[in-house]
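**Q** Submitted below is the structure of interest, expressed as structure tokens.
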Amino acid sequence: MFGRLLLLGILFHVVFLKSIFDIYFVTPLIHGMKQYSAGEAPAKRLFLIVGDGLRPDKLLQPHSEKVIGEEQTYAAPFLRSIIQNNGTFGVSHTRVPTESRPGHVALIAGFYEDVSAVTKGWKKNPVNFDSVFNQSRHTYSFGSEDILPMFSEGASDPSRVDTFMYSSELEDFSSNGIVLDEWVFDRLDELLAQSLEDKELWDMLHRDKIVFFLHLLGIDTIGHNKHPDSVEYVENIQYIDGKIQELVDKMNNYYNNDGASSWVFTADHGMSDFGSHGDGNLDNTRTPIIAWGAGIQSPTHEKNYGHDEYSLPWNLTEIKRIDIQQADIAALMSYLVGLNFPVNSVGQIPLDYLDCSSRRKAEVALMNALEIGEQYNLKSASKDQTSIFFRPYSPLRNYTEVQASFYNSVIADIESGEYEIAIEHCFHFSQTVLSGLRYLQRYDWLLLRSIVFFGYLSWIGYVICFVFSLNIEPSSKIVKPVSVVKRVAFNIPFLLICIFFYIQSSPPFYYGYALFPTIFLQLIHSIFPNTKLGFKNFLTVAKQKHGFSLLKILFISLCILCLLQFIVYSYFHREGFSVILMGLAAWPWLLHADYAFSHKTISVSWSVLTSLLCFFTILPVNKKESLLFIFAGGFAMSVAGVFYILYRRNQAFQYSSTVTNKQLVLQVLIIMATVPVTLKIADSLQRNIAIPPILRLVAFGLFITSYIIPSHHIRSCKHYFLDRLAILFLTFSPTMCMLSISFEALFYVVLFITLGLWMELETELQKYTEQLHPEYSRKKDAKFHLSLSHIRISLFFYIFINVAFFGTGNVASLSTFALDSVKRFIPVFNPVTQGALLMYTILVPFIALSAAFGIMNKRLGGIQQVTFFLAVGMADIVTINFFYLVKDEGSWKDIGVSISHFCISNFLILFITALEHASAILCKNITYTIHEKVN
């Protein structure tokens, strides 16, 4: 019975996970659009130079002598001279996620890649949309193998894009990132030298519509390792600045100063002060944009124009700062070398960057607007063919007529010399089209969101009904078959919706969204008589044990709903969990005062530990590596281990357990050895000192040994439950110490002890209650009685699941993880292995939770499956909130976080299932009784 419900629940959540992508993030990609070109090109060739992970403030601000030396004030004097004398500059604003793939897609393809594209892979990421490289005559790209294949393999003609890539082994976080950039510049030099002997290559390099792409990863590598405020980060900027100056001189000589080269220098994303990126932190979303050469406007001297507090320290306020959106750069590059705009581009060409007449700017703006409008035209026509009673976007109701009117109006303005008016019309038309595209993406929202909401509601209703249906005598169970008429009545709405979806050629998943509510309603109907009987029994027990009436039960239910809503708030403001933990600290004193005052030791200990947990959820989520915190965590682990060994020496349960003090001492010694090794490696990395291979070997040895020792002794053993918890705590302690960068190890210690205390408190509280109400004692009555304590345990379990995650960070900090810990083991860039280590660190507290929860449920009489489904039901109440809180506009940090919140909450059933199975494994061969030593 439980197995079928679990399987149905997992299938439901897997299917409904896709709902947010079908509703909120319909791919913007369409094909078959007419292409538009900006016309005559001011340049024959374009140099796109991307400083991966470069922040504009670190590039342009003055630096102290300590950082940059006595001879210089600025890290990039050449690029500053370009800004002051030759080109145009500003800040390019990126979108979340601030990672290399979406950043480069926006730069080179002109649109912000849709979320569904994350399934296309991590390494090569082949893209299936148009790009500047695809429109070029030929592109020569140099850099990382994680970026370049995206555009070569996605090109309509792959031979059009040449890639020169170094291997991932060169991306060593413990070495100097300049090596990566040096490799790029050297390969370009080799290409130029080769052209002197290769006529075909020479001829190609001297043709028009040529693009050179230099991906410089050194700054990103150094930023992750040393952080942006380090000397090494600034040194890498200095190196790039010098090499760009050399490259400009080389290219001028190579092309005989023909003045046909355009240069664009920018970044795919920035970097936080903690050496991470990924979220919407302004340090991550702001990147530099400096353009110069053919077709680029010389600097405009207009004091304070575009400047704010962010750019005042750069001492460039006399130069006009022109900010753009990252996708606008693709349109700019297309204009510079006379390419067709990428057909999926939504970027609007930044006219202030162009060195041309007002008439030419108006003509370029017109072509840009028509290119964006073509996307709406094709998408609207496609929607019209598959929708019943299609309602087009009102301002574009008849697109052909609207476009013709717009085109004629702009041409008339241009011919009459009203260029500014023409440009304004183009901008307004583009904005209208973008609004129309958004309208089409939201076209089916109301219907789909209603179906999904009803799906979750019916699932929660079925879970509640199922739990109450268990609260009856087996002999009282009512088996009532559902009549054919009722089955047909239940399925009629589903059939009507299916017909509607079929006519509209809807995706297969749409049918699944409609199917599940139908199934759940039929299941609810079939068990409802037993549910009513079980609920009556529940009310009877609640009244006899606690004196609670139906009204009080409803009030408690309302309080639980309010608490779940507060958990939703706490996902966005994690300090909310501190408030919840303070409530848990006061719980025994407020609701079980008689027990708390008669068992002060355990009650006070509980309040102290849950209060300590409060501090972790108010500490900063973005952490810098702290040797002091790492030492404190390791010291606390060692003290806890020693304390337990001393404690068990005087306890009778040591004779019931096969665990020896020798084994526990050995595990504690491993922790003690781990602490200095971790501190030495971390200190060496901070000071940029080479780590001896023997030290890394010792670290790996300690890491592996910490698992070998307990696994060697755990087989065929009978452990007393406290011994099993101690072994698990000591087993994972070295891992948490080695992979901690701040207070993670301390959090692990406090959480583990708190969970152990929760287990003991619930067990003792049940014994106390059974003494007061012996008629419900498990010894006298083997029947299952659903009570308020089961609901409380489920609620606490769900709270601790969230605390285990939010205790050391939040969703945004997870997406911007710092590599300080994993590079102690793996200095070479390897996203899969490094990501696995980081995820393992996050999962360790949940392993502790599963062990404590499993042991507690065994001691309470095997209630795990009931508490499991109650926790799932609570989680899905939160999931409904997150479903409606998913954002597809506004702050791009909020968009990414809202998606993550829904996915995490929706998949809690899988996670809780994994915890349940983990607890079954972790709780094998455990004894719960004490046998005295026989003399």
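Each Cβ is built from the backbone N, Cα and C atoms, and glycine gets one as well.
According to Swiss-Prot, the record shows the following:
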type     : residues : note
TOPO_DOM : 1-5      : topological domain 'Cytoplasmic'
TRANSMEM : 6-26     : transmembrane segment
TOPO_DOM : 27-449   : topological domain 'Lumenal'
CARBOHYD : ASN86    : N-linked glycosylation site
CARBOHYD : ASN134   : N-linked glycosylation site
CARBOHYD : ASN315   : N-linked glycosylation site
CARBOHYD : ASN398   : N-linked glycosylation site
TOPO_DOM : 471-483  : topological domain 'Cytoplasmic'
TRANSMEM : 484-503  : transmembrane segment
TOPO_DOM : 504-509  : topological domain 'Lumenal'
TRANSMEM : 510-530  : transmembrane segment
TOPO_DOM : 531-547  : topological domain 'Cytoplasmic'
TRANSMEM : 548-568  : transmembrane segment
TOPO_DOM : 569-576  : topological domain 'Lumenal'
TRANSMEM : 577-597  : transmembrane segment
TOPO_DOM : 622-626  : topological domain 'Lumenal'
TOPO_DOM : 648-663  : topological domain 'Cytoplasmic'
TRANSMEM : 664-684  : transmembrane segment
TOPO_DOM : 685-688  : topological domain 'Lumenal'
TRANSMEM : 689-709  : transmembrane segment
TOPO_DOM : 710-737  : topological domain 'Cytoplasmic'
TRANSMEM : 738-758  : transmembrane segment
TOPO_DOM : 759-792  : topological domain 'Lumenal'
TRANSMEM : 793-813  : transmembrane segment
TOPO_DOM : 814-835  : topological domain 'Cytoplasmic'
TRANSMEM : 836-856  : transmembrane segment
TOPO_DOM : 857-865  : topological domain 'Lumenal'
TRANSMEM : 866-886  : transmembrane segment
TOPO_DOM : 887-894  : topological domain 'Cytoplasmic'
TRANSMEM : 895-915  : transmembrane segment
TOPO_DOM : 916-935  : topological domain 'Lumenal'
CARBOHYD : ASN925   : N-linked glycosylation site
**Q** Quick one: find which recorded stretch in 6-26, 484-503, 510-530, 738-758, 895-915 has the most Cβ pairs under 8 Å with the transmembrane segment (689-709).
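**A** Maximum Cβ contact count belongs to 738-758.
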**Q** Does the transmembrane segment (484-503) come near the transmembrane segment (6-26), with 3+ Cβ pairs under 8 Å (pairs 6 or more apart)?
**A** no
**Q** Among ASN86, ASN315, ASN925, all listed as glycosylation sites, which has the most CB atoms within 10 Å of its CB?
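**A** Counting every other Cβ within 10 Å of each candidate, the maximum falls on ASN86.
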**Q** Please identify, among the glycosylation sites ASN86, ASN134, ASN315, ASN398, the one with the smallest Cα-Cα distance to ASN925 (N-linked glycosylation site).
**A** ASN134
**Q** Okay, the transmembrane segment (895-915) and the transmembrane segment (793-813): do they have at least three CB pairs under 8 Å, pairs separated by 6 or more?
**A** yes
**Q** Fewest neighbouring Cβ atoms within 10 Å: which of the glycosylation sites ASN134, ASN398?
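**A** Each of the glycosylation sites ASN134, ASN398 was scored; lowest Cβ tally within 10 Å is ASN398.
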**Q** Quickly jot the same-chain residues contacting the transmembrane segment (895-915) by Cβ under 8 Å, restricted to those at least six beyond its ends, or write none.
**A** 6, 9-10, 13, 16-17, 20, 25, 96-97, 115, 279-280, 571-572, 801, 805, 811-812, 814-815, 846, 849-850, 853, 868, 871-872, 875-876, 878-879, 882-883, 885-889
**Q** Write down the Cα-Cα distance for ASN86 (N-linked glycosylation site) and ASN315 (N-linked glycosylation site), rounded and given in Å.
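**A** ASN315 (N-linked glycosylation site) to ASN86 (N-linked glycosylation site), Cα-Cα distance: 17 Å.
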**Q** Tell me, please, if the transmembrane segment (548-568) and the transmembrane segment (866-886) are in contact, taking contact as 3+ Cβ pairs under 8 Å between residues separated by 6 or more positions?
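**A** In contact, yes.
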**Q** By Cβ distance under 8 Å, which residues at least 6 away from the ends of the topological domain 'Lumenal' (504-509) in the same chain are close to it?
**A** 15, 18-19, 22, 386-388
**Q** Summarise the model's confidence over the topological domain 'Cytoplasmic' (887-894) as a mean pLDDT value.
**A** 62
**Q** What does DSSP say about ASN925 (N-linked glycosylation site): helix, strand or coil?
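**A** Coil, per DSSP.
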**Q** Roughly how many Å separate the Cα of ASN398 (N-linked glycosylation site) from that of ASN134 (N-linked glycosylation site), to the nearest whole number?
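**A** Here the two Cα atoms lie 32 Å apart.
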**Q** What same-chain residues lie close to the topological domain 'Lumenal' (569-576): Cβ under 8 Å, and 6 or more beyond its ends?
**A** 617-618, 621, 802, 806, 810-811, 882, 897, 901
**Q** Examine the transmembrane segment (6-26) against the transmembrane segment (866-886) and state whether at least 3 Cβ pairs sit under 8 A, considering only residue pairs 6 or more apart.
**A** yes
**Q** So, in DSSP terms, is ASN134 (N-linked glycosylation site) helix, strand, or coil?
**A** helix
